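Just below is one structure, and these are the notes that go with it.
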Amino acid sequence: MGANEDQEMELEALRSIYEGDESFRELSPVSFQYRIGENGDPKAFLIEISWTETYPQTPPIISMNAFFNNTISSDVKQSILAKLQEAVEVHLGTAMTYTLFEYAKDNKEQFMENHHPVHSATSISNIISAETPNTAPSSKKKDKKEQLSKAQKRKLADKTDHKGELPRGWNWVDVVK
């Protein structure tokens, strides 16, 4: 069988296995994301697997660069990717996307044992205030961080693509109606 036939068979299998699973997301016919852990879990992470032209004879591209993983330190990400690469070496030549997702689910606690959430809570207002020098000394009172409701967060997430970036033209104004 050729690489394309293997990919088509694996794609069909993945669609049937993960049908209705909200953790699985098919970005394209050759690119998939899977969230390991529950939605509110601080140790949850997202794995993205993209197939190459000659997959499964060559290893897939495994990434953890999604916005969802911003609270995970780069050391922990690297250790997870290294362990997944070891699993790729073992399963090279066979359909392995499902196997990699299940391997990550089974070893989630081991992967995240050194995880201490990195809070990149530098809001835009903090960045702006750091760039513009204050002429008057500010009072010692701390600014309260704006709290968003679940609906507001969901609406904000729906505006972004799968990598957490806003699509091109998201703030363009429709002049002609």
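The backbone N, Cα and C atoms fix where each Cβ goes, and this holds for glycine too.
Listed in TrEMBL:
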type     : residues : note
COMPBIAS : 124-137  : compositional bias 'Polar residues'
COMPBIAS : 155-166  : compositional bias 'Basic and acidic residues'
DOMAIN   : 9-111    : domain 'RWD'
REGION   : 124-177  : region 'Disordered'
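On the 0 to 100 pLDDT scale, the model's mean across the domain 'RWD' (9-111) is 84. Each residue of the domain 'RWD' (9-111) gets a DSSP state, and the totals for helix, strand and coil are 44 helix, 20 strand, 39 coil.
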